[in-house]
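Visitor: What follows is a structure written as structure tokens; I'll ask about it next.
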Amino acid sequence: MGSCISLQISCDQVLTRAYSCFFSLGNYIHKLKDNIVALEKAIEDLTATRDDVLRRVQMEEGKGLERLQQVQVWLKRVEIIRNQFYDLLSARNIEIQRLCFYSNCSTNLSSSYTYGQRVFLMIKEVENLNSNGFFEIVAAPAPKLEMRPIQPTIMGRETIFQRAWNRLMDDGVGTMGLYGMGGVGKTTLLTQIHNTLHDTKNGVDIVIWVVVSSDLQIHKIQEDIGEKLGFIGKEWNKKQESQKAVDILNCLSKKRFVLLLDDIWKKVDLTKIGIPSQTRENKCKVVFTTRSLDVCARMGVHDPMEVQCLSTNDAWELFQEKVGQISLGSHPDILELAKKVAGKCRGLPLALNVIGETMAGKRAVQEWHHAVDVLTSYAAEFSGMDDHILLILKYSYDNLNDKHVRSCFQYCALYPEDYSIKKYRLIDYWICEGFIDGNIGKERAVNQGYEILGTLVRACLLSEEGKNKLEVKMHDVVREMALWTLSDLGKNKERCIVQAGSGLRKVPKVEDWGAVRRLSLMNNGIEEISGSPECPELTTLFLQENKSLVHISGEFFRHMRKLVVLDLSENHQLDGLPEQISELVALRYLDLSHTNIEGLPACLQDLKTLIHLNLECMRRLGSIAGISKLSSLRTLGLRNSNIMLDVMSVKELHLLEHLEILTIDIVSTMVLEQMIDAGTLMNCMQEVSIRCLIYDQEQDTKLRLPTMDSLRSLTMWNCEISEIEIERLTWNTNPTSPCFFNLSQVIIHVCSSLKDLTWLLFAPNITYLMIEQLEQLQELISHAKATGVTEEEQQQLHKIIPFQKLQILHLSSLPELKSIYWISLSFPCLSGIYVERCPKLRKLPLDSKTGTVGKKFVLQYKETEWIESVEWKDEATKLHFLPSTKLVYILS
């Protein structure tokens, strides 16, 4: 029964579809004659409409106007459909002759059906085209490249404009990005480019300026471009984005255009807008400004031009221009005060303009003193600062989508003005503050920290500093913006008190200690800290770098139960901690490095939440007894302190089951062996200094290092060792897996029995290598050890190319050294080799292809006779490196 029902349904469906198909086919054939007549009538109407439109267009063009693009597109479509109509009409007689049975059938059903369908569809298309042919406006004034208003060229900006212009004129450049912090002058530079195009033309048909801003809307950009191209009216406005894109594409494809996009915050999809590709052949250009390097990359610009702040001299010239010579000369002291005010702007044109204009009418010296005071203490209160400067810079802060990234940015404002901040220190703070989840593991957390720093650098909120970019710096005006956001835009100034580097001698008075969440008094001259402030909300306390600080009273810490970060480092006179530090029950970060503290209070063991403890460079600290009670500890710094580790100390360290990072000095073979036996400790070591290892006569003087995955820095000094081996490996095992993957710095001094350092093959990421006073060292990498294995093992060794990341190689007082490596190496990152008192080193592992093209390289030496004795691989190598050699006095 079920099968019969199914069959019935299937038959019904087949019949229905067959009927529908036959009905459609019949209509196309049966009504063919009528449809041809209807099509002829529709074409006649369309032609009449076209003639009317053309007549109007010709009249307007006679007045000097230019037909609208939408009119031109419509006329083009009319011509296309008319041509298609005449092609279709040419087959009319043949198709009509095929009709039979009173036009109900055809002698060629397939041909008649196809022809009839084309006629029917063309009627609809012609009627639709005709209905769209009624334009309110058919022509408008031709678009002109109008000058954009701009201030006179700022002193010092001529060079970057010329660079930008030269790059724009390069036929190989299609898209150019200008990036920099807010207020630095990107829009001004783009305006200069626009106006220069107006003056010079340079064969450009049209220049289009669009302000994009943070609220990116494709349809808004299309409207701005469409208006410039003559696409206006209701019909254009009603079109979908994709239809507008086609119109823009068709129009711009016939022109040489320059599109200027100002202030973009995310990738602009040029294809969606309808912008043709920019090629060497069409010489079209797109130029944009942004505050983000990420945006440059997403726009396909991998070599953008940075617009930087003005130099000190150029900034002063701009500031003088804004203030005027009458005000500057109205009192003898004003000129010096004006230089201080200008200096607070740190070369940022936006700040120089706003503050300069504000001070233009100030002729009383007291007003200038007041300006310096306000800009030093709380710049947000300076007239015009919040609305015209900080608010503009705050857009960059608002564009940071993650709240933790915003908190990390604000944290940098706790440092003094123009201060270089170590990256690793910031990341340690952020982990302890909870901005980064420390539970994911130290390495992953640190990587996340570097990702956040990269985000802030690419957003032009921080800049990288130092040769190896290990530090960051915050522009002073950006810092003021960060402090402004920390104070809830000035509504709660005591929420975050920052008087870092202010020359304080004592803790400042605060009206409402209960509101304070972050307090930075670092880098001052505070001598004593006393009192008992009620700070129930305080989470961060920076007291480091108060080099005169001798004493902190116990009462000071009594009401800080939410304190998470306490930094007391580099208080060189501080000789003790109060017992009340145990009341900091939420403390996670404590830095006592570079202090004069002799002993840790026993109550320190009560800090059960502490995860980061830095005791490095505490020259008077004698013991870490009880350290094992800090059950949450993950990072412990002991390097360069006075602690003499013994067996009991190592046992205590071994009890720290959550320990991930350890920096330490090892001065005893017994302690070293004990730590090697406690393998988990070796895996935690990040920085290790091995000093004064002395072996008994019956002891093997080989140093067997275990694998240390976390090790980043290794220093060895004055050790009686004859050879360094990797404990897990010998030279006849597979060496292709690095044992010291993270090791980047190796310094070895006064180890007189070492003959080679072949173990360095297992440290592929070394960037800095210093070898000094190794009297018996003959080869850096031993040829015999590295090749004296089986053929299969040699093939494995050949996969290791040493020193691929090495940047600096320092060789000093190595009287027997003859070889660094037996063949030439590529050294792609090498920037310098320093050679002193290495008389037997005649050959260097260099050839004419060594080093990165364009990278600065210097070969420094102390003795002229040494460089004259060097045996270069060939003449090309000699010519390649001799210009880079430099005679210097190297201080060992």
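Every residue gets a Cβ built from N, Cα and C, even glycine.
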Visitor: From 24-63, 504-543, 824-863, which range did Swiss-Prot mark with coiled coil?
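Guide: Among 24-63, 504-543, 824-863, the range Swiss-Prot annotates as coiled coil is 24-63.
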Visitor: Since the record lists G180, G182, G183, G185 as binding-site residues, which of them has the fewest other Cβ atoms within 10 Å of its Cβ?
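Guide: Counting other Cβ atoms within 10 Å of each of the binding-site residues G180, G182, G183, G185, the minimum falls on G180.
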Visitor: In the repeat 'LRR 2' (537-559), how many residues does DSSP assign to helix, to strand and to coil?
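Guide: Tallying H, G and I as helix, E and B as strand, the rest coil: 4 helix, 5 strand, 14 coil.
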Visitor: Give the three-state DSSP assignment (helix, strand or coil) for V184 (ATP binding site).
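Guide: It is coil.
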Visitor: Sort out the sequence-distant neighbours of M181 (ATP binding site) for me: same chain, 6+ apart, CB within less than 8 Å of its CB, listed by position.
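Guide: Spatial neighbours, sequence-distant, of M181 (ATP binding site): R291, C309, L348, L393, S396, C460, L461, H475, V478.
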Visitor: Under an 8 Å Cβ to Cβ limit, what residues of the same chain, 6 or more beyond the ends of the repeat 'LRR 5' (609-631), are close to it?
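Guide: For the repeat 'LRR 5' (609-631), the sequence-distant neighbours (Cβ-Cβ under 8 Å, at least 6 residues beyond its ends) are 428, 431-432, 438, 569, 575, 585-600, 602, 637-644, 648-649, 651-653, 655-658, 663.
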Visitor: Far apart in sequence but close in space: which same-chain residues, 6 or more away, have a Cβ under 8 Å from V184 (ATP binding site)?
Guide: V307, Q308, C309, L348, P349, L350
Visitor: Can you give me the same-chain residues 6 or more apart in sequence from T187 (ATP binding site) with a CB-CB distance under 8 Å?
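Guide: In sequence order, the residues whose Cβ lies under 8 Å from that of T187 (ATP binding site) (at least 6 apart) are D262, D263, T289.
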Visitor: Same chain only, sequence gap of 6 or more: which residues have a CB within under 8 Å of the CB of K186 (ATP binding site)?
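Guide: When sequence neighbours closer than 6 are ignored, K186 (ATP binding site) has L178, Y179, G180, D262, D263, T289, T290, R291, V307 within Cβ distance under 8 Å.
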Visitor: Excluding G180, M181, G182, G183, V184, G185, K186, T187, which residues of the same chain place their Cβ within 8 Å of the centroid of the Cβ atoms of the recorded ATP site?
Guide: T289, R291, V307, L348, P349, L350
